[in-house]
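Structure first, then comments.
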Amino acid sequence: NSSSVKEFILLGLSENQGVQKIYFVVFLLFYTLTVAGNLLIVLTVTSSRHLNCPMYFFLSHLSFVDVCYSSVTAPQMISGSLVENNTISFAGCMGQLFGLHFFGCTEIFILTAMAYDRYVAICRPLHYPALMSRRLCGRMVGGSWAGGFLHSTLQTLPTALLPFCGPNKVTHYFCDVHPLLHLACADTRPMGLAAVANSGVIALSCFLILVASYVVILVSLRGKTLAGWHKALSTCGSHIAVVILFLGPCTFVYIRPSSDLSKDRIVAVFYTLITPMLNPLIYTLRNEEVKGAMRKLCRR
C-alpha cells in the first residue's frame with residue numbers, strides 16, 4: 001500500500017463544538033435505545049416457545065444485525081463529538097467501512113427475505129408450512145450474511161488499495177466509500193462508478209423487489225373481507241415502514257455519484273442510527289404476540 005496517511009480525521013456532522021455536545025447527548029440516547037431495544041427482541045424471540053414461525057426467526061436476525069450495524073458507526077461518532085479532532089487509524093477506517101457495508105447489506109437481504117415470507121403467508125397460506133421450511137429460512141439468512149460479506153469485500157478491498165497521500169479529513173462521521181474517494185491521490189471516477197453500481201444497484205433493486213412484492217400482495221387481496229385486509233396490512237405495515245425508512249435514504253446516498261457530502265451526512269443518520277432504533281418499536285408496537293412474549297420475559 002503506497003498510502004502515507006496513517007490516520008484520518010472524521011469531521012462529524014458539525015464543526016461547531018456547542019452543536020457537537022447536543023449531538024453527543026442525542027446520539028448516545030439513540031444508540032442506548034437501539035442496543036437495548038434490539039437485544040430485547042433477540043432475547044424475547046429466542047426464549048419464547050410461541051414465537052417460532054419464520055417471521056420471528058427473521059426478526060431476531062434483523063435485530064441482531066441492527067445492533068452490530070449501529071455499533072460500527074455510533075460509538076466512534078459519540079466519543080468523537082467530545083473531542084477537537086476525531087481521529088481514526090487507517091486500519092480502523094477500513095474496518096469501519098467493511099462493517100458498515102457488511103451489516104448494512106445483510107440487513108437489506110434479510111428485509112427482502114422477510115418480504116418473501118409475508119408474500120407466501122398472505123398469497124399462498126395453504127402452502128406456507130411447506131414453502132417456508134426451517135431449512136429454507138436458514139438458507140435465506142445464511143445467504144443474506146454471505147451476500148453481505150461478498151458485497152462488503154468488493155467495496156473495501158479496492159478502497160484500501162488506493163493511494164492516500166495528502167488530505168486526511170473525511171467529510172463525514174464515519175468512513176464510507178464516497179468520502180474516501182474524494183481524498184485519494186488517484187483518478188477515482190471508475191471506482192466511484194463501481195461503488196454506485198455495487199451499493200446503489202443492491203439498494204435500488206431490493207427496494208424495487210420489495211415494492212413489487214407489496215403490490216402483488218395488495219392485488220391478491222381483492223375480493224377479500226375487511227378483516228382479511230386488516231390482518232394482511234397489519235403484518236405488512238410495520239415491514240413497509242422499516243423498508244421505506246432504511247432503503248429510501250440508502251438508495252438516495254448510493255445511487256448517485258456524490259458531489260455534496262454534507263447532504264449525505266444528514267441522510268446517513270437515518271439509516272445508520274434512526275432506523276435501527278425504530279425497528280424494535282415498529283415491530284413490537286404493531287404486534288400483540290411479541291408484546292405478550294416480552295411481558296412474560298420481563299416477569300421472569
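Glycine too: its Cβ is placed from the backbone N, Cα and C atoms.
Copied from TrEMBL, the annotated features are:
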- 22-43: transmembrane segment (TRANSMEM)
- 37-283: domain 'G-protein coupled receptors family 1 profile' (DOMAIN)
- 55-78: transmembrane segment (TRANSMEM)
- 98-116: transmembrane segment (TRANSMEM)
- 136-154: transmembrane segment (TRANSMEM)
- 201-221: transmembrane segment (TRANSMEM)
- 233-254: transmembrane segment (TRANSMEM)
- 266-285: transmembrane segment (TRANSMEM)
The transmembrane segment (266-285) in contact with the transmembrane segment (136-154), cutoff 8 A, at least 3 CB pairs, sep 6+:
no
Near the transmembrane segment (136-154), which residues from the same chain, at least 6 beyond its ends, have a CB less than 8 A from one of its CBs?
54, 57-58, 61, 98-99, 101-107, 109-110, 112-113, 116-117, 198-199, 202
With a Cβ cut-off under 8 Å, give me the same-chain residues at least six positions beyond the ends of the transmembrane segment (55-78) that come close to it.
10, 12, 23-24, 27-28, 30-31, 34-35, 37-39, 41-42, 45-46, 86, 88, 96, 99-100, 103-104, 106-107, 110-111, 113-114, 117-118, 121, 137, 140-141, 144, 173-174, 235, 272-273, 275-277, 279-280, 283, 289-290
